[in-house]
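Asks: Sharing a structure here in structure tokens format.
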Ligand code: PGA
């Protein structure tokens with residue numbers, strides 16, 4: 001796991017955008033794993049800026065989102081298909097239909113989850129997966145207790161996650177769906193490169209567990225310790241529980257420029 005400590009969310013966005021642009025340079029038809037929520041916004045802002053400047057194109061790329069609420073109407077502004085469209089897809093040049101997500105309105109949930117896994121497989125797998133982390137240690141919507149070998153499936157959201165996400169639903173926890181479809185932890189581990197962004201003091205405990213805690217379903221993000229190429233971008237506010245912060249800083253400072261992340 002490569003840990004990069006950055007001063008603020010914009011700096012994290014720039015480092016992640018560099019990695020995505022480098023990937024698209026060498027593989028224009030790359031498959032991106034797209035996260036929703038607050039964490040990736042600085043990445044999407046930076047990529048939209050670089051796209052407007054003619055520095056990156058998504059015209060041959062594809063994308064898969066991580067998860068979706070169950071039961072939100074298709075035109076609900078907080079359905080993750082609409083969120084990813086608003087936050088990123090509509091701001092760059094993905095062709096129509098190039099970005100997919102699990103269907104939270106599917107009648108046959110198990111068939112939908114299996115088909116989503118198959119679609120990722122048919123696309124050749126995810127080249128670079130963007131991730132955030134929940135305050136309870138979830139990645140995608142793999143809540144505490146998730147099997148470390150899980151695949152795409154239906155999950156129940158914790159009260160904590162529903163409270164964290166109530167800000168998107170007018171502050172009303174009851175309006176946040178109880179169920180979701182989410183890629184599993186084993187699904188995410190198959191991405192060839194994982195880039196997780198964690199910013200803000202409310203993420204400090206989860207970040208401490210993710211990077212320096214024992215691998216455990218109690219903190220599902222810790223499964224990333226098993227990934228051969230995981231990059232974790234942490235801002236100062238989220239880094240306060242790390243014991244080895246000086247080591248991470250020194251390592252990144254001494255990293256050869258050509259290496260990238
Ligand atoms: P956030 O959510 O990026 O909105 O903080 C992260 C997550 O729940 O995975």
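Quick reminder: no glycine exception, Cβ is built from N, Cα and C everywhere.
Per TrEMBL, domain 'Glucosamine/galactosamine-6-phosphate isomerase' is recorded for 13-225. What TrEMBL records for 67, 138 is active site, proton acceptor. Feature annotation from TrEMBL assigns active site, for ring-opening step to 136, 143.
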Asks: Rounded to a whole number, how many Å is the Cα of residue 143 (active site, for ring-opening step) away from the Cα of residue 136 (active site, for ring-opening step)?
Replies: 7
Asks: Would you mind reading off the Cα separation of residue 136 (active site, for ring-opening step) from residue 67 (active site, proton acceptor), to the nearest angstrom?
Replies: 17
Asks: Can you tell me whether DSSP puts residue 138 (active site, proton acceptor) in helix, strand or coil?
Replies: coil
Asks: How many Å lie between the Cα of residue 67 (active site, proton acceptor) and the Cα of residue 138 (active site, proton acceptor)?
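Replies: Between the alpha carbons of residue 67 (active site, proton acceptor) and residue 138 (active site, proton acceptor) there are 12 Å.
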Asks: DSSP on residue 143 (active site, for ring-opening step), three-state: which is it?
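Replies: Assignment for residue 143 (active site, for ring-opening step) reads coil.
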Asks: What residues, ordered by sequence, lie under 8 A Cβ-to-Cβ from residue 138 (active site, proton acceptor) and sit at least six positions away in the same chain?
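Replies: Those within reach of residue 138 (active site, proton acceptor), by Cβ under 8 Å and sequence separation of 6 or more, are 144, 146, 158, 161, 220, 221.
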Asks: Which number gives the other C-beta atoms within 10 angstroms of the C-beta of residue 143 (active site, for ring-opening step), all protein chains shown included?
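Replies: So the number of other Cβ atoms within 10 Å of residue 143 (active site, for ring-opening step) is 21.
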